[in-house]
Structures are given as structure tokens and as C-alpha cells.
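Per TrEMBL, the features are as follows:
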- 86-523: domain 'Major facilitator superfamily (MFS) profile' (DOMAIN)
- 180-199: transmembrane segment (TRANSMEM)
- 211-232: transmembrane segment (TRANSMEM)
- 238-259: transmembrane segment (TRANSMEM)
- 319-338: transmembrane segment (TRANSMEM)
- 358-378: transmembrane segment (TRANSMEM)
- 399-418: transmembrane segment (TRANSMEM)
- 424-446: transmembrane segment (TRANSMEM)
- 467-485: transmembrane segment (TRANSMEM)
- 497-517: transmembrane segment (TRANSMEM)
Amino acid sequence: MASIPLRNPFTKAPASRGYVGEQEDNIAQDTSAVPLEATATESSTKPMIDAQDSHVVRDDGKVIITEQEYPEALGFYYSTLKKWRILTVIFLVQTSMNLNTSLYANGQAGIARQFEVSPQTTVSGAAIFLITYAFGCELWAPWSEEFGRKPILQASLFLVNICCLPVALAPRGISSILVGRAFGGLFSAGGSVTLGMVADMFTTDQQELPLAYIVLSSVGGSIVGPIVGGFVETDLPWQWTIWIQLIVSAFVQMLHFFFVPETRSSVLLDAHAKKLRASNQRPNAYGPNELKSWKEYIALKEMLSIWGRPFKMFVMEPIVSVLSALSGFSDALIFMQIQSFGLVFGNWGFTKIQTGLAFLPIGLAYVLAYLLFIPIFRRNRRLRQAHPLSEHAQYESRMWCLLYMAPCLPIGLLIFAWTSTPLVHWIAPMIGCVFIGIANYAIYMATIDYMVAAYGPYSASATGGNGFARDFLAGCLTWLAAPYYHSFQMHNGLQIANTVLAAISLLLVAATFVIYWKGPSMRRRSPFAQSISRTTVDGLVSAQSREPLVSR
């Protein structure tokens with residue numbers, strides 16, 4: 001999962017935005033932060049903003065309408081029922097994308113037999129998809145901000161579906177499969193678009209529950225694959241692991257086409273401006289994108305800068321690095337387990353179908369964690385309202401739940417490790433999986449929530465690094481899973497292998513406590529986070545005396 005562009009939490013009205021990261025590039029362009037003499041100097045060469053109507057008047061007389069002027073045209077004004085209908089379709093779209101990452105694993109044995117290649121070679125199809133998926137999520141983001149969520153997501157789904165054909169038909173053997181999987185991952189838009197749609201329809205103080213819903217589809221889709229895949233691997237040729245992906249993806253693409261409208265604010269304003277001109281209400285009204293030249297649309301240097309920012313923050317920001325590593329490692333464990341469940345539950349003679357069904361406890365854990373976050377959101381919201389000037393209440397309180405839920409990761413791994421023996425009932429390692437699932441969901445949800453608050457306008461890049469780490473590390477560890485487990489050819493080797501993973505996760509969980517207690521000092525050393533902290537305090541102090549531009 002990738003970046004999510006979010007709005008100023010201290011204004012009711014949506015602010016005008018461009019592609020992902022535009023907030024980051026243009027913070028200094030806010031006229032309230034520009035010296036008066038600079039504003040006066042530039043006023044003769046730039047479009048002027050009508051303070052009364054909040055629209056932009058060009059020299060040629062054309063008027064660019066804004067979100068403040070026509071808020072009723074935006075996704076914020078969709079009914080609650082319509083918003084959740086859209087989210088439910090997006091839930092299915094995101095689930096199908098993550099199904100593509102995991103269902104392939106049940107076709108690996110058949111691929112190895114047909115093309116006489118090693119099992120490790122077939123694993124490359126799963127690993128390559130995840131790694132290119134990590135890059136694909138970031139590459140699609142700017143285009144969805146410029147051209148709209150719907151056409152970009154439709155294009156992504158169509159291209160992913162096309163890439164299923166060389167994998168299923170395999171005209172050139174294993175090479176066709178690997179190439180198809182690589183491009184299938186690269187063409188997957190994923191969270192870069194789906195999370196952006198949450199920001200299109202919900203204000204900052206409304207986003208937590210919808211965001212948690214989409215996160216559930218992201219993590220849940222990964223375990224749907226092995227659950228379904230056990231039946232497919234038992235009763236059908238390996239090609240059906242791909243055909244099922246294609247059928248599901250084509251179905252959700254049709255649902256998306258017919259039931260999901262555009263949500264991107266600038267595109268909705270373009271459509272509204274066309275209606276105003278067609279009805280002669282405002283013949284000189286134009287949307288934000290209608291008067292753009294192709295050079296403005298395709299600003300390669302700017303696009304490259306935006307694409308590179310998540311990776312820059314991942315390397316240079318300690319908070320982003322640690323939380324992304326924790327989130328990425330947690331998610332990667334799920335994909336390692338997909339490769340190791342056969343070894344573990346083979347101790348009890350599980351069939352392929354039974355091994356797939358062993359993933360059900362992880363799915364139940366995800367649902368349980370989602371439900372647990374509902375009172376957590378309410379608790380955090382009350383705390384922020386009661387202590388509006390407290391940095392701890394505004395930021396670190398969002399990590400509070402991880403102090404209790406993140407330790408479930410090493411605990412679950414230890415249970416999973418030392419109950420993976422025929423001497424213990426098979427339900428025991430499944431109980432360990434419940435702990436792992438709760439931790440995986442909580443880590444992803446809480447780290448996104450914290451980084452969105454801590455980095456404000458920079459949250460697109462901060463959460464982009466988080467999503468990139470999850471997919472990239474999952475791909476790398478998928479490659480390493482089989483060699484890793486086979487290297488422990490000793491007494492209790494499987495138990496020792498999972499204990500090592502538990503020890504690594506314990507170090508990352510310890511880092512969560514460090515960020516919770518040392519977060520303020522770490523943010524003070526961050527130019528990104530510190531600028532947001534000052535803005536937050538100023539916004540909270542002035543919010544009570546400022547009339548909202550739009551009443552909701």
C-alpha cells in the first residue's frame with residue numbers, strides 16, 4: 001500500500017490540491033506565509049484570486065472555479081450511503097489486487113512440473129510481482145491526481161488483466177510467466193489510488209474508520225489467495241490460479257466502472273464547470289485542469305521529484321524508517337508463512353485444502369483488529385479534543401494501541417514456532433497466527449495514522465515509504481523463505497527458524513516504544529515534522545475564532 005494525500009485538519013472546507021505531493025512542493029506558496037512585497041510583485045504576472053468568491057480570474061477573463069466556491073460538487077458532499085457503497089466496491093478492488101499477489105503460490109508446483117524448473121524459480125513469479133507492485137503503487141499516484149481516480153484505476157485493472165494472459169498461456173514457458181508477473185505488479189495501482197479516494201470523500205477527522213476499512217481489504221486480500229488456492233491446486237490445473245485472478249479482477253473492474261463515480265476534486269470541478277458553461281450560468285467558468293497545457297500535465301522533472309520523495313524520506317527520516325521497517329517486516333511475515341505453511345501443517349498430514357483453510361485464523365484476526373480500532377479511534381479523538389495543545393495527544397497518542405498490540409507479533413511467532421510439532425494439537429499454531437494477524441493489522445493502521453498526523457502535507461511521501469517497504473520486503477522475503485527454512489535442517493529446525501524471526505520482530509517492536517516515548521524529540525530534529533508541528537499549534541489556537549468556509 002502506498003501514499004495517501006490528506007487535507008489540513010483545521011479547516012472544514014477542502015483545500016485545492018494537485019497530484020500527490022503537490023502540498024509538499026507548494027507549502028511556501030500559501031500567501032499567508034509570503035512577504036507582502038513579494039505578493040505585490042507577483043500579482044501582475046499571476047492569476048488573481050477573488051477573495052469574496054474564492055475563484056481565480058485569469059488575464060483573458062476566464063474564471064477558474066475552486067473547491068471553496070462549489071463544495072457541493074465534490075465527493076465530500078456525497079451521501080453517507082453513497083460513500084460507503086463506493087468504499088465497498090473499492091474494498092473488493094483492493095482485495096482482488098492483493099489476491100493477485102498470493103493466489104499464484106498455489107500454482108507453483110504445477111508450473112515446476114510442467115516446465116521442469118526448480119521450485120525456487122517458480123517462487124520468483126510471486127516475489128517479482130510484489131517487488132514491482134511496490135514501485136507500481138508509487139508510479140500511478142501522480143497520474144490519478146491529474147487525470148482522476150476512475151480512469152487511472154480502470155487503466156490499471158485493464159492492464160493487470162491483460163498481464164494475466166502471458167502467465168496463464170505461457171507461450172514461452174517460464175520466461176513468459178515471469179515477465180507477465182513483473183508487469184502485472186508494475187501496473188497495479190493499489191493503495192496509491194484507493195487510499196487517495198478516502199481523502200477525496202472524507203475530511204481528516206472523518207477518515208479513520210474508512211481508512212481502517214480499506215486497510216482491512218489490503219491485508220485481508222493477501223490471505224484470500226491461499227484459502228481459495230488450496231481447492232484450486234487440488235482439483236484444477238495450475239493455470240486456474242491465474243484464470244481465477246483474471247475472472248475476479250474483470251468482475252471488480254465492471255463493478256468499479258458501473259458503480260463508482262469520480263471522486264478526485266479537480267476532475268469533479270472540471271465536470272461542474274462544463275455544466276455551468278453548457279447551461280450558460282457562467283460561460284467563462286473553467287475547471288482547474290481544463291486550461292492546462294500538456295507541458296503542465298507531463299512535467300517529467302516534477303514527476304520524478306515526487307516519485308523520489310517517498311524513498312528520500314524513507315532513508316532520511318528515522319520515524320519513517322523505523323515504522324516502515326516494522327510495518328514491512330510484519331507484512332512480509334505473512335508472505336513467508338504462505339511459503340512455510342505446507343512445512344508446518346505437514347506435521348499433521350494436512351492436505352492442500354486444509355493447509356489453505358489454516359489461514360482463516362489470520363483473516364479472523366484482521367476482522368477482530370478492525371473492530372478493536374473503533375473504540376481506539378474514539379478514545380484518541382476524545383484525547384485530542386481534551387488536550388488540543390498537547391503534542392503527545394495530537395501525535396504519540398495514535399501509537400498508544402501499538403504498545404499493547406505490536407508485542408502480539410513476537411508472541412504469535414513464538415507460539416507458532418514451538419507448537420509446530422505433532423506432539424501438540426494443530427489448533428495451537430493457529431492461535432499463534434491470530435496474534436500475528438492482530439499485530440500485522442494494528443501495525444499497518446497505527447503507523448499510517450501516526451505518520452499522517454506527524455508529517456501533515458508530507459504524509460503522502462511518508463506513507464508512500466511505508467507502503468513501499470511492505471510490498472518490497474514481502475517480495476524479498478518470499479524469495480528467501482524456502483532457502484531460509486531449509487537451512488535449518490536440524491532437530492527442532494523449524495521451531496528455531498521461526499524463533500529467529502520472533503527475535504527480529506522483538507527488536508522492531510522495541511523501536512515502537514522508543515518512538516512513543518521519544519517521538520517529540522525525534523520530530524524536533526526533523527525539518528519536515530517540525531514545520532507541521534508549528535502549523536498544528538497555530539491552527540488549533542486559531543480554529544475556534546475562524547468561521548468555517550463550508551458548513552457540513
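Here, residue 1 is simply the first one shown, and the rest follow in order.
Using the three backbone atoms N, Cα and C, a Cβ is placed for every residue, glycine included.
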Candidate ranges 211-232, 399-418, 424-446, 497-517 - greatest C-beta contact count to the transmembrane segment (358-378) (under 8 angstroms): 424-446
Per-region confidence, the domain 'Major facilitator superfamily (MFS) profile' (86-523) (mean pLDDT, whole number): 89
Distant-in-sequence neighbours of the transmembrane segment (399-418), which means Cβ under 8 A and at least six residues beyond its ends: 326, 330, 333, 344, 369, 372-373, 376, 380, 428-429, 431-440, 442-443, 446-447, 450, 494-499, 501-503, 505-506, 508-509, 512-513, 515-516, 519
Intrachain residues whose Cβ lies under 8 Å of the transmembrane segment (211-232), provided they are six or more past its termini: 1, 4, 87, 90-92, 94-99, 101-107, 190-191, 194-195, 198, 240-241, 244, 331, 334-335, 338, 341, 351-357, 359-360, 362-363, 366-367, 370, 373-374, 377, 440-441, 444-445, 448-449
